[in-house]
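Engineer: Before we start, here is the structure in question, set down as structure tokens.
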Amino acid sequence: MKDNGQDEDDYKEVKVMKKKLDWSYSLIVASLIGAFGSSFLYGYNLSVVNAPSPYIKTFYNDTWEKRQGHSIDNSTLTLLWSVTVSIFAIGGLVGTMMVILIGKVLGRKCVLLVNNAFAILAAVLMACSRQAGSFEILILGRFIMGIDGGIALSVLPMYLNEISPKEIRGSLGQVTAIFICIGVFAGQLLGLPEILGQESLWPYLFGVIVIPAFVQLVILPFLPESPHYLLLEKHDQDGAEKAFQTFLGKMDVSQEIKEALAVSRVQRNIRVVSVSELLTRRSARWQIITVIITMACYQLCGLNAIWFYTNRIFSTAGIPTEKIPYITLSTGGIEILASIFSGLVIERLGRRPLLIGGFVLMALFFGILTVTLTLQDKAPWIPYLSIICILSIIASFCSGPGGIPFILTGEFFQQSERPAAFMIAGTVNWLSNFIVGLLFPYIVEGLKTYCFLVFAAICILGATYLYFVLPETKNKTYAEISRVFAKRNKENLPAKKTEQARANGQANGQANRKSELESSFTLDNRI
């Protein structure tokens with residue numbers, strides 16, 4: 001028989017092999033294709049309207065003149081443009097509210113596939129609006145595209161969270177944020193005058209939306225559904241086992257099945273809860289508060305203010321007006337690099353340092369930016385310091401606050417609570433987005449450059465709350481995270497049940513491993 005030292009070496013070798021197999025081919029393809037057809041489109045539609053805005057306003061004026069016989073007045077044009085931009089958030093809110101209704105029936109993957117119908121319909125409407133001579137069609141397309149974004153930002157993080165091993169759950173979850181940044185950059189790039197940012201070509205900026213949607217429709221059906229959804233909601237253990245095997249790239253997934261079943265034993269006979277039930281559930285109280293505050297800070301931390309001032313600051317620094325769109329691409333590049341950096345280090349540093357540190361750094365650079373903008377006429381080098389502050393704020397946001405809130409929403413809640421939790425998080429996200437779009441012009445008009453102090457205060461308040469309340473969720477199972485919050489919620493019964501179920505699963509697993517070792521040793525001796 002093998003000695004104990006040999007057994008330990010074999011066990012370490014198995015652990016190393018398991019770690020290497022965490023990133024399987026199917027897992028990588030599922031995350032990339034899922035994000036390309038979902039969060040990429042959300043980011044793309046955030047930035048795509050900026051470059052062609054003068055041409056779209058001209059289209060609005062020409063259409064109005066053909067119908068009414070006179071040019072549109074400035075106030076009406078401003079109103080129509082504001083509706084065009086902000087109705088994307090209203091559609092996002094509607095899409096978020098649809099998730100809990102269709103998620104239970106269709107599952108995660110099928111919802112992503114069905115969601116492409118909204119993207120394709122919106123793309124066709126917006127691309128054909130000028131030819132049809134109707135700005136109402138363009139506005140309707142933006143609304144439908146918002147529905148697509150609302151569904152995508154709720155279901156995609158859920159899907160990625162449930163298909164990934166806990167050891168790389170944070171890194172895989174950051175794919176959502178990375179593709180949002182890539183989408184923003186793609187919108188800026190395609191909007192350049194040399195590509196599609198021309199008066200005759202701007203409808204094609206919206207038409208290209210069909211490409212990511214079509215790619216997802218073609219490839220995603222060949223990948224499995226979420227194994228947690230199959231096991232815990234559809235009670236399909238065979239299907240869940242095959243899904244685990246595909247995503248993890250190994251045949252022995254007994255440990256993953258046992259961990260999921262441990263949660264299932266605690267939640268046996270528990271149906272998917274509604275939003276009202278989750279809001280009144282004591283065991284989820286602090287999770288909900290934390291998600292609401294994190295999502296509100298995600299939208300209210302002032303990144304929209306940065307985009308508002310970017311062109312003005314670049315112009316003050318002496319950059320020619322015709323060159324500013326190209327320089328603005330650097331902000332999109334910084335977003336991508338910072339989000340990739342976050343994905344690479346999140347499993348080493350954890351969620352807490354990146355999220356809290358990101359808000360603290362944003363507050364610091366907001367304060368410096370306020371000073372530099374106030375004194376920008378005092379010295380020729382000060383505008384360049386303002387540019388550095390802008391890039392630093394963007395990098396600080398994307399390295400933590402830009403993606404981790406979506407990861408935490410998936411990690412805080414059990415399977416039966418997760419759809420309602422994402423609906424709450426999405427509602428806060430889109431409402432905050434709408435509030436920023438509505439109030440930001442008045443804040444800027446009233447406070448000028450001092451508006452950044454308001455956003456600095458929001459970042460500090462968010463970081464302070466998270467410092468005292470947010471636990472580290474790195475490499476923790478859902479049951480372990482629930483036990484951490486159970487102490488704060490003063491709800492110990494579910495934690496005990498989960499611990500007992502997990503202990504039973506571990507005891508059974510140890511017995512099985514012991515039996516397998518004995519069989520292996522007997523076979524070795526015979527050989």
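Each Cβ is built from the backbone N, Cα and C atoms, and glycine gets one as well.
All TrEMBL annotations are machine predictions without curation.
Take a look at what TrEMBL says about it:
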type     : residues : note
COMPBIAS : 501-512  : compositional bias 'Low complexity'
COMPBIAS : 518-527  : compositional bias 'Polar residues'
DOMAIN   : 31-474   : domain 'Major facilitator superfamily (MFS) profile'
REGION   : 495-527  : region 'Disordered'
TRANSMEM : 21-44    : transmembrane segment
TRANSMEM : 79-103   : transmembrane segment
TRANSMEM : 110-127  : transmembrane segment
TRANSMEM : 139-160  : transmembrane segment
TRANSMEM : 172-190  : transmembrane segment
TRANSMEM : 202-223  : transmembrane segment
TRANSMEM : 288-309  : transmembrane segment
TRANSMEM : 324-346  : transmembrane segment
TRANSMEM : 353-375  : transmembrane segment
TRANSMEM : 381-408  : transmembrane segment
TRANSMEM : 420-444  : transmembrane segment
TRANSMEM : 450-470  : transmembrane segment
Engineer: Averaged over the whole of the domain 'Major facilitator superfamily (MFS) profile' (31-474), what is the pLDDT?
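Structural biologist: A mean pLDDT of 88 is what the model gives the domain 'Major facilitator superfamily (MFS) profile' (31-474).
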Engineer: Applying the under-8 angstroms CB criterion, which one of 288-309, 353-375, 381-408, 420-444 scores highest with the transmembrane segment (324-346)?
Structural biologist: 381-408
Engineer: If we skip the immediate neighbours and take only residues 6+ beyond the ends of the transmembrane segment (202-223), which ones have a Cβ under 8 Å from one of its Cβ atoms?
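Structural biologist: Same-chain contacts beyond the ends: 26, 29-30, 33-34, 36-38, 40-41, 44-45, 48, 51-52, 55-56, 109, 112-113, 116, 119-120, 122-124, 126-131, 138, 141, 145, 187, 190-191, 196, 246.
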Engineer: Give the nonlocal contacts of the transmembrane segment (110-127) in its own chain as ranges (CB under 8 Å, at least six residues past its ends).
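Structural biologist: Answer is 34, 37-38, 41, 95, 99, 102-103, 137-138, 140-142, 144-145, 147-148, 151-152, 155-156, 159, 203-204, 206-210, 212-214, 216-217, 220-221, 225.
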Engineer: Near the transmembrane segment (420-444), which residues from the same chain, at least 6 beyond its ends, have a CB less than 8 A from one of its CBs?
Structural biologist: 82, 85-86, 89-90, 92-93, 95-97, 99-100, 150, 153-155, 157-158, 272-275, 277-279, 284, 287-288, 291-292, 295-296, 298-300, 304-305, 308, 405-406, 409-410, 412-413, 451, 454
Engineer: What else in the chain is close to the transmembrane segment (353-375), if you only count residues 6 or more beyond its ends and a Cβ gap under 8 Å?
Structural biologist: 294, 297, 301-302, 309, 313, 342, 345-346, 382-383, 385-386, 389-390, 392-393, 396-397, 399-402, 404-405, 408, 449-450, 452-453, 455-457, 459-460, 462-463, 466-467, 470
Engineer: Determine which recorded stretch among 21-44, 172-190, 450-470 has the most C-beta pairs below 8 angstroms with the transmembrane segment (288-309).
Structural biologist: 450-470
Engineer: Apart from its near flanks, which chain residues at least 6 from the ends of the transmembrane segment (21-44) lie with a Cβ under 8 angstroms of it?
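Structural biologist: Residues 112, 115-116, 119, 145, 148-149, 152-153, 155-156, 159-160, 163-165, 167-168, 172, 175-187, 209, 212-213, 215-217, 219-220, 223-224, 246-250 contact the transmembrane segment (21-44) from elsewhere in the chain.
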Engineer: Report the listed stretch (139-160, 172-190, 450-470) having the maximum count of Cβ pairs within less than 8 Å of the transmembrane segment (381-408).
Structural biologist: 172-190
Engineer: Is the transmembrane segment (450-470) packed against any residues at least 6 beyond its ends, judged by a Cβ distance under 8 Å, and which are they?
Structural biologist: 286, 289-290, 293-294, 296-297, 300-302, 305, 351-352, 355-356, 359-360, 362-363, 366-367, 369-370, 373-374, 408, 443-444, 488
